[in-house]
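Following: one structure in structure tokens, then a few remarks.
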Amino acid sequence: MQVTVSPAIIKGTVTANPSKSAMQRAVAAALLAKGKSIIRNPGLSNDCLAALEVAENLGAKIKREHDHFEITSNGVQPFYDEINCGESGLGIRMFTPIAALSSLPITIVGHGSLTTRPMNFFEEVLPQLDVKCATQGGKLPLHIEGPLQPKNITIDGSLSSQFLTGLLMAYGAAAENVTITVKDLKSKPYIALTLQLMAHFGVQVEEQNFEQFHFGKKQAYNACDYTVEGDWSGAAFLLVAAAVAGKAEVHHLNTSSAQSDTAILEALEKAGARLMSGVFTVNIEKGALNAFEMDATDCPDLFPPLVALAANCNGTTKIKGVSRLAHKESDRGITLQQEFGKMGIKIDLQGDIMLVHGGTGIKGAQVHSHNDHRIAMACAVAALTADGPVVIKNAEAINKSYPEFYDHLQLLGGKVAVESV
Ligand SMILES: O=C(O)C1=C[C@@H](OP(=O)(O)O)[C@@H](O)[C@H](O)C1
Ligand SMILES: C=C(OP(=O)(O)O)C(=O)O
């Protein structure tokens, strides 16, 4: 699919899409629980749909109602020896330890970008928990055979927090008096989100300094009613769109959410956007935008919208944390440099630092998403203030996290032409 976004003024009101990070965690917790859970405001992005299918293959019964999903489970009882996590990094890293709670040998597959993302962690860690594990040179497919026995363990959290999320979720169903110790944890707020979700489903973890996670007496996930929060990662693009090209009101954004990407507010404020946040609503309006400095090490998904913002700011914006981007859906530091380069925006990568030379004018161009949803969305936002249309190839990549994105941009006054090629 090819999408052409033309320069436009942004004005209007929109409701944020459901968070795929929250939705996938809730689906996993509902699978681990015994009984019927209700998931309200469910996400229907590809990552969320993949999580629902995995949960089904691991034993849950799922019923889709008009505005919610019912997930009925009796814990992990796979009725199939293969699960497919689609393109979801969180999905595979979370469901692998969960699937390993069963003694059935299971093959775990995925497609697209997921087939190139590192999975060595499992080969190193799962055998310490009595799970046999084989990968293909550190990549998919994964073959595992449990059952996983929770033990005291020390892991490295520097590549991704998602492996820890998976272990925490699995331990929640089986651990007794054991501790996970983590060295050099990155993306810490995502772990806060995991712990918050587990607590909602009745499982408490004693966390110390995001280094030690202790499980006391054995616990069980309780089936429950859960409402998925609006997604700050996707909404960041809408907020930037308004900050550079007009104004908007975005609903269903919990401003005290545990989601790491609430940090977009800090960046917007630093850049000079005019912001007014309520409890669940953010109002934002264009201001005089100037270059800013930001450490995005713990909120790596913000890089693409931050670059779209920085391209519109006068001066050189400095963003720290580029090394966190190498193993996302694309190598995002490089992809941002290439695609924004086509639109006339110079980006330098200096080790862990990205320098975006903004305020020089954005040019209409043909760009490519590299099958990365956040690159497609960043280019679409950059197009709003370009000197001509921006044609985005492989624009359907947005379906991974935010299938409503182009519709939402249009609701806000964006000029979006979709062509299926
Ligand atoms: O737990 C999650 O929901 C996520 C964690 C982050 O990954 P890392 O921990 O690998 O940074 C983030 O980039 C990803 O989009 C979603
Ligand atoms: C990297 C992302 O997701 P995941 O790692 O879950 O595939 C993302 O949504 O930008």
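Along the chain as shown, the residues are counted starting at 1.
Using the three backbone atoms N, Cα and C, a Cβ is placed for every residue, glycine included.
Among the features that TrEMBL reports, active site, proton acceptor is placed at ASP301. In the three-state DSSP scheme, ASP301 (active site, proton acceptor) is classed as helix. All chains included, 26 other C-beta atoms sit within 10 angstroms of the C-beta of ASP301 (active site, proton acceptor).
Taken from TrEMBL, the feature phosphoenolpyruvate binding site applies to LYS20, GLY89, ARG117, GLN162, ARG332, ARG374, LYS400. Counting only same-chain residues six or more apart in sequence, the Cβ atoms lying under 8 angstroms from the Cβ of GLY89 (phosphoenolpyruvate binding site) belong to LEU114, ARG117, SER160, GLN162, LYS328, GLU329.
As annotated by TrEMBL, 3-phosphoshikimate binding site applies to LYS20, SER21, ARG25, SER160, SER161, GLN162, SER187, ASP301, LYS328.
The feature domain 'Enolpyruvate transferase' is assigned by TrEMBL to 9-409.
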If I take the alpha carbons of SER187 (3-phosphoshikimate binding site) and ASP301 (active site, proton acceptor), what is the distance between them in whole Å? 10
Return the members of ARG25, LYS328, ARG374 (the binding-site residues) with CB less than 6 angstroms from at least one atom of ligand 2, or none. LYS328, ARG374
Around LYS400 (phosphoenolpyruvate binding site), which residues of its chain at least 6 apart sit with Cβ under 8 Å of its Cβ? SER45, ASN46, ASP47, GLU87, SER88, GLU329, HIS373
With respect to ligand 1, which members of the recorded positions LYS20, SER161, GLN162, SER187, ASP301 satisfy a Cβ distance under 6 angstroms to one of its atoms? SER161, GLN162, SER187, ASP301
